[in-house]
Amino acid sequence: MAVYNYDVVVLGSGPAGEGAAMNAAKAGRKVAMVDSRRQVGGNCTHLGTIPSKALRHSVKQIIQFNTNPMFRAIGEPRWFSFPDVLKNAEMVISKQVASRTSYYARNRVDVFFGTGSFADETSINVVCTNGVVEKLVANQIIIATGSRPYRPADIDFSHKRIYDSDTILSLGHTPRKLIIYGAGVIGCEYASIFSGLGVLVELVDNRDQLLSFLDSEISQALSYHFSNNNVMVRHNEEYEKVEGLDNGVILHLKSGKKIKADALLWCNGRTGNTDKLGLENIGLKANGRGQIEVDETYRTSVSNVYGAGDVIGWPSLASAAYDQGRSAAGSMVDNGSWRYVNDVPTGIYTIPEISSIGKNEHELTQAKVPYEVGKAFFKGMARAQISGERVGMLKILFHRETLEVLGVHCFGDQASEIVHIGQAIMSQPGEANTMKYFVNTTFNYPTMAEAYRVAAYDGLNRLF
């Protein structure tokens, strides 16, 4: 067994692992990266964020072509199969892998492909993909192994008609009807993708509202948009059993209902990838969801072991994971780059997009904060009329006395980009965080950014 010595070993090359490895390397540490795949990038690049967003982009282009009257001169609406749109996602994945591989090489981070597990608090045994076992010894170790879809034991995921959010990328046909169980972020995003391909979607939600953490008006807008686009949402339903057939699948619900479709996509929960890490060898224990507990510096109960990304739970976003990994390494090497990552924008890539940051109306009402609301509807924006993306709105919540911006919520095209203007103002200290910025600033015209000015005037006009 070959033995290699490092200052830092990072387990997992997703966003959290990458952020950690790069920051530690920039601080002059000798760093090794271990990943169970034969390529870097983690689930985010290969099965999650990147392929699903690439799929969404392709589907959105198809929708634009099929709904724009200008293109009728070219021909009738055209439809593409799921495997067809998947080809573009595969090209994006290859480009991402190439880029990220170059990052590690440029920063002189050694990458080991294989399954890593703790031998003790300072040693990692790596069973490489070629079967060779190598030992990595390090002063400090960061766990960034991510998560995977939760799979109930009573569901046969080997059945050819039953998928989860990892295996759905192997779907070789376009189903006429699809059941999606679980209406969280992943479930809603795939509901948009498949409905955009003309698939009838049954979206089964075990709660009474879609994405209940969102501002209720935004959640309602998504529900309304789904109902107009081949998505049947069923709230307050729980599965009793899943019956796989040769020609489809039947979902039996505890309410007594039965739903039949060509395929089922399971999107109900995720579990941390900790079961093969040998945590018992260092006295560390994961919770029931496979997640490990860390403090505000991302340190676990083992003093030289840190955690970041999905494996530590909330908020389970790629954007936050990268910052958590970078901050964990910053805490570890003490180079001033540590921060506790808690003020994170939400980006949900449905069609149209949803994004938000800060408080929603329910939270402000519960806290008895005197707030006011300003809105800008995209249908009245010149840029939206030009692009044909007229569905959506920008909503700003602000303190009616100090004019401090308290929350920004957006539903519509480019929402995940638009929200960052509000985020930048909300991060300003003291009186610099004010609605006055939006009315005293000249925005390019026509842009979607000027929705902030429209929403600001709308809100300020409500004051008395």
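The backbone N, Cα and C atoms fix where each Cβ goes, and this holds for glycine too.
Look at Swiss-Prot and you will find ASP35, SER36, ARG37, ARG38, GLN39, VAL40, GLY41, GLY42, ASN43, CYS44 tagged as FAD binding site. GLN39 (FAD binding site): 18 other CB atoms within 10 A of its CB, across all protein chains.
Neighbours of ARG37 (FAD binding site), defined as other CB atoms within 10 A of its CB across all chains, total 17. Cβ environment of GLY41 (FAD binding site): SER13, GLY14, ILE50, ILE93, GLN96, VAL97, ARG100 lie under 8 Å away, each six or more residues apart in the same chain.
For ASP35 (FAD binding site), the Cβ neighbour count at a 10 Å cut-off comes to 25, with all displayed protein chains included. Sequence-distant neighbours of ASN43 (FAD binding site) (same chain, six or more apart, CB under 8 Å from its CB) are GLY14, GLY146, SER147, ARG148, ASP166, listed in sequence order.
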